[in-house]
Amino acid sequence: MEWTRGRILGRGSTATVYAAAGHNSDEILAVKSSEVHRSEFLQREAKILSSLSSPYVIGYRGSETKRESNGVVMYNLLMEYAPYGTLTDAAAKDGGRVDETRVVKYTRDILKGLEYIHSKGIVHCDVKGSNVVISEKGEAKIADFGCAKRVDPVFESPVMGTPAFMAPEVARGEKQGKESDIWAVGCTMIEMVTGSPPWTKADSREDPVSVLYRVGYSSETPELPCLLAEEAKDFLEKCLKREANERWTATQLLNHPFLTTKPDIEPVLVPGLISNSPTSVTDQTFWRSVEEEEEEETEEIQKDSRDLDRLSLWGCYSERIGRLKCVGGLDGTRCDMEGGDWIMVRARCEGTMISGSQKELIISENVLVGEL
C-alpha cells in the first residue's frame, strides 16, 4: 500500500503521529512513526492491534520498516483515522462535560470493545478519555495499545498506565488484569461526567505521587458525581470495587440497567473542519513536569524508557512516577491552554464525509511517500 505522509497529529517522546493518505483510495490514515531503535513499544502495539478486529477498536491498516531520505530507519504503524477526536476532546467541546445520553452510548461502546479484547486474552492497561476516539460514524473506539499486553498467568510484566486511572492493585505494583481495565472504565465515565479524571480537580494540580499512593494504599474510592442518578452511581460502584475480584466483568456491565434501559442513539456530531487539542490519541507520553527543576532528570528518564521492563515497581514512588511519564501521561489536570509551552498533539477533521479539498488540507505539508 502506497501512502503519502502529511501533517503532524501528535508527538510523544519516542513516536510521532501523522495524517496520511493512501494513493489508491480516499481513506485518510493515522500513521505512528518511530525510529527503529526506539520502536519496541510501537512494534508491540502493532503486533497486538493487528490481531484485533472490532467496530469498537481502532482499525489496523498495516506496518512497515522504511529508510527515510535522511538515512534514518523508521518503523511505521498505519491505523484508522478518527475524525472526531477523543472523548476528552468531546468533553472540552461541550464545556468540559459529556451529556448523559452520550455518556451511556460511549460507555456501552467502550465495554463492547473491552469485552472483545478481553475475550482475546488482551488487557488494554490504559483506558481513559484521551485513549478513546470517536469514529466518523459516531462510535467510541478504544485506541492507543502502547501499554496493552496479553494476559499471562505465569509471567507478570511491569504495570503501565496513567496513575489517576490505575486500579488499586496496579498502583501497588501487584498485577494488571482485565479487572484493572474495568476500574479504568469507571474512572473514564467520571471523567466524561465531570470533565476531570478522579482524584483531581479541574482547577488544581495534584502531585501524581500522592495520587498513586491514595489509589493504592488508602481505603478510598473515587468520589461519585452527585449529579448522577442512583442507577448510574450503582453502575460506577460495580466498576470501582477496591477488591479486583468483586468488580463486574465487561459482559455483566453491558447488562446493567444503566445501559440496558437507555435507547441506543445516534450521536450528534458537530460539523467543522480542523481543531487542535493538547491531548494525545496514540501516545501516552504527553506529560507536564510537576516541578520545573525535574525537566533535566525527565529527559534522561525518557532516554532510558526502553529499560522499563527491568524496572521494579516496588521501588521509590518518585522513580516509578518518573518512568511512568514515559509511557502514560497523567491527564488529571486542566492546564492553561493559552500558555506558550503547549504543543499541538491532536488534530481533528470533523464531518462524516471527506471531500477532495478537505483531504488535501488534512495531509498538507507532505514530506514523503511510503510503501507498504
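Even glycines carry a Cβ here, placed using N, Cα and C.
Owing to the predicted nature of the structure, the values given are computational and were not obtained by experimental measurement.
Per Swiss-Prot, these features apply:
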type	residues	note
ACT_SITE	ASP126	active site, proton acceptor
BINDING	LEU9, GLY10, ARG11, GLY12, SER13, THR14, ALA15, THR16, VAL17, LYS32	ATP binding site
DOMAIN	3-259	domain 'Protein kinase'
MOD_RES	SER312	phosphoserine
* Cβ neighbours of the residue listed as 'active site, proton acceptor' where a neighbour is any other Cβ within 10 Å -> 26
* Asked: Taking DSSP three-state, what's ARG11 (ATP binding site) in: helix, strand or coil?
  -> strand
* Count of other CB atoms lying within 10 Å of the CB belonging to ARG11 (ATP binding site) -> 17
* Asked: Which three-state DSSP class does the residue listed as 'active site, proton acceptor' fall into?
  -> coil
* Which number gives the other C-beta atoms within 10 angstroms of the C-beta of VAL17 (ATP binding site), all protein chains shown included? -> 24
